[in-house]
Amino acid sequence: MSSLISTSSVDPTYPTFPVLASLGIVLILLPSYWHFKSGNVGTILYIVWTFIGNLNYLVNAIAWSGNLHNPPWFWCDLSTALIIALNVAIPTSSLLITHRLYSIATIRQVNISKSDSRRAKYYEIALGVGLPALAVIFRVVVQGHRFDIIENVGCWPSIYVTPVTVPMVFLPPIIINLVSSTYAALAIRAFLKQRKQFSDILASANSGLTISRYFRLMALAATEIICSLPASTYNMVTNVAIMHPWISWEDTHYNFNRVEFMPFPFFKLYPKSWILINLSRYSLPVGAFIFFIYLGMSG
C-alpha cells in the first residue's frame, strides 16, 4: 500500500465545512455552562455528542483536504466508531428530552425524592451512552473491512449492506425518532389539557423550567426529529437498493484489515453516496446552530 496517494482534485466548497464545524463547536459550547448546571441529561448529552461530532468531522476534513494519505489507524478506528455512534446518539438525546418533557407534563407526584431523581438521571445516562455504544458493537457484524479514506472527508466507516445491516444499522435511528415523536405529541397533548395550571406543574416538578424553556426544548427536539427522520430513512432506502445477500461472518469480513481509498472524482459516478456523506457531516454544524437559536441566548 502506498504511503501517499496524491490526486489533483479539490473539493470546490472547501473550506465551507471546516468553517461551519468550527462555528458549530463555538456555538454549542457558549451556553453549555447553564445547561450542565441545570442537570437536564438529554440536553447535556445533546451538547456533548454534537461537540464531539463537529470536532471529529473537522479534524478529518482538514487532515484529508485534497489528499488520500495513509492514516494513523488508531485515529480512524476511533473516528469511524464515533460516526456510527452519532447516528444513534443525537436522536437518543432528543428522545431523552421529549421523554422528560412528557414526564413533567403528566406529573402525578408533587414532590419527587432526590433518590428517585438521581435514579432517573442514571437511567438517562445509561440510554444516552449505552445505545450509541450498542450501535458501534452491532456495526462490527456488518463491517466489511477496516475503514475507508475519502478525499476531502477523511475516515469513513465501512458497512457491508446485507439484510442483517437493516436492523443493526439503519433501523435504530428511525425507531428512536419515531418513539421521540410519540413522546413529543403526548407532551403537547398533556399541556393542552392542563395549560392553565402548567406553570404550577413545572414548579412542582422542580425542573428549573419555565414555560418558555419548556417549549424551546420541545422545539429543539422537534426540529431534530424533522431533520433526522427523513435523512435516516433516505440513508436506509438508498443503501437497501445495493443490498448483498448475507452468506456468513467469514464472507462479510474477508480481508478485513484492508483500507479502501476513494478520490474525490469517484463520487461523480456515485452522487447519492456523496449526498449521504454530506447529510451525515453537515447535520452536526446544523444541530449546533439550531441548539444555539433555541437555547443559546437565554439559557
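Cβ coordinates are placed from backbone N, Cα and C, and glycine is handled just like the others.
TrEMBL labels come from automatic prediction, so no person has curated them.
TrEMBL lists 16-36, 43-66, 78-102, 122-142, 170-192, 274-295 with the feature transmembrane segment.
Of the Cβ pairs linking the transmembrane segment (16-36) with the transmembrane segment (274-295) and spaced 6 or more residues apart, 3 or more are under 8 Å, so the two regions touch. Here the transmembrane segment (274-295) does not lie next to the transmembrane segment (122-142) in space: the count of CB pairs under 8 Å, restricted to residues six or more apart, is fewer than 3.
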